[in-house]
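*Asks:* Have a look at this one before I ask anything.
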Amino acid sequence: MPRIVAANKESIAEAAALLQAGEIVVLPTETVYGLGANALESDAVAKIFSAKKRPSFNPLIVHVLDKEAASKLVEINDAAQKVIAAFWPGPLTLILPRKDKAGVSELVTAGLSTLAVRAPSHKVMREVMRAAGLPIAAPSANCSGEPSATTPQHAAQSLGEAVSYILAAGACDVGLESTVLDLSGEVPVILRPGAITAENLEPYLGAVEMDVGAKDKPNTVIKSPGQLLKHYAPKIAVRLNAVDVQEGEALLAFGSIKFMGLQSGGAVKNMSEESFRNLSEAGDLNEAAKNLFMMLRDLDKPSHKAIAVMNIPDSGIGLAINERLSRAAQK
């Protein structure tokens with residue numbers, strides 16, 4: 001198993017040195033744990049795809065410190081200037097035209113003329129980037145298609161011997177991947193919903209469109225991570241908008257369970273601890289987002305035939321939660 005090392009001055013320097021040497025390192029961010037590599041070196045980036053078993057047509061996000069660092073890689077237009085000022089550093093990824101001499105590996109962009117860039121706010125991640133002096137390509141630190149890793153232990157369980165070094169800084173604050181906003185065209189388009197919503201963005205950009213449909217059809221261009229039809233999926237089935245619990249199912253609840261029952265009779269409150277999790281007893285969508293992937297992993301056991309998920313409001317970050325669940329539930 002990989003080394004899980006608590007973040008401190010020495011381990012941050014060690015992680016930065018590994019990145020400079022072309023190795024992959026698991027790194028904490030405010031969204032989910034990332035599997036990082038030097039975005040300028042194709043051999044290093046190739047290790048990400050190998051470790052994750054990730055298809056090569058699925059582009060990566062490059063993490064930078066700030067607008068100045070991003071401007072070396074992409075063309076920053078007026079719309080990007082506005083949202084960078086408002087939301088960076090933070091959980092917002094921008095897709096922008098790639099500069100011809102950016103030097104970013106073609107593996108990162110999947111051969112596209114655009115590049116996805118983000119300035120994370122997590123203190124440890126930012127210290128690693130400063131120490132390494134590199135743009136860091138970093139998708140979620142888990143095997144492709146699985147629920148994202150929001151703790152160092154999740155990353156270790158998912159990636160196993162494919163990685164050797166995990167820089168640990170506790171559970172992620174947001175718990176969902178960043179919002180991906182495409183600003184490479186005429187109209188701003190959200191390709192992956194996240195903590196920063198269309199309602200947050202519209203005061204700066206005007207109308208923002210949504211295009212979160214699956215991109216699994218032949219000859220369809222994938223511009224953003226998270227667009228494959230089946231994604232974020234546990235090994236067992238996921239049943240959405242459950243109003244009761246069927247025999248053999250685990251329950252992922254949200255808010256009050258007062259009106260939920262077991263199809264076989266009895267009360268949900270009497271379910272065993274291993275078969276029940278509540279994303280937020282208080283009905284807090286931010287808390288639910290933070291807990292989503294962790295609790296899906298908790299309930300993903302061979303002893304359960306499926307995970308029944310209660311209805312979650314489709315507002316605010318709830319839109320992003322439901323988008324992740326809809327992909328997780330695909331057969």
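Here the Cβ of each residue, glycine as well, is placed from N, Cα and C on the backbone.
Just so you know, TrEMBL annotations are computer predictions that nobody has curated.
Pasting the relevant annotations from TrEMBL:
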type	residues	note
BINDING	T31, A138, S178	L-threonine binding site
BINDING	R54, N58, H63, T114, R118, S140, S148, R192, Y232	ATP binding site
*Asks:* Which residues, in sequence order, are found in the same chain with Cβ within 8 Å of the centroid defined by the Cβ atoms of T31, A138, S178 at the L-threonine site, excluding those residues themselves?
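*Replies:* What remains near the Cβ centre is T29, E30, V32, G34, I61, H63, P91, T93, R118, P120, S140, E177.
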*Asks:* Cα within 10 Å of S178 (L-threonine binding site): which of the binding-site residues R54, H63, S148, Y232 qualify?
*Replies:* none
*Asks:* Hey, what's the Cβ neighbour count for Y232 (ATP binding site) at 10 Å?
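*Replies:* There are 26 such Cβ atoms around Y232 (ATP binding site).
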*Asks:* Name the residues of the same chain, 6+ apart in sequence, whose Cβ is under 8 Å from the Cβ of H63 (ATP binding site)?
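*Replies:* Listed in sequence order, they are T29, G34, G36, V117, R118, A119, P120, M125, M129, P135, I136, A137, A138.
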*Asks:* Checking the spread of the L-threonine site as listed (T31, A138, S178): what is the longest Cα-Cα distance, in whole Å?
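*Replies:* So the binding residues stretch over 12 Å, Cα to Cα.
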*Asks:* Using Cα coordinates, what distance in whole Å links S148 (ATP binding site) and T31 (L-threonine binding site)?
*Replies:* 10
*Asks:* What whole-number value in Å do you get for the largest C-alpha pair distance within R54, N58, H63, T114, R118, S140, S148, R192, Y232, the residues recorded as binding ATP?
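*Replies:* Comparing all Cα pairs, the maximum is 24 Å.
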*Asks:* Find, for the listed binding-site residues T31, R54, A138, S148, S178, the residue with the lowest Cβ contact count at a 10 Å cut-off, counting only other Cβ atoms.
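*Replies:* Result for the binding-site residues T31, R54, A138, S148, S178: minimum number of other Cβ atoms within 10 Å at R54.
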*Asks:* State the three-class DSSP label for H63 (ATP binding site), counting H, G and I as helix, E and B as strand, and everything else as coil.
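*Replies:* Strand, per DSSP.
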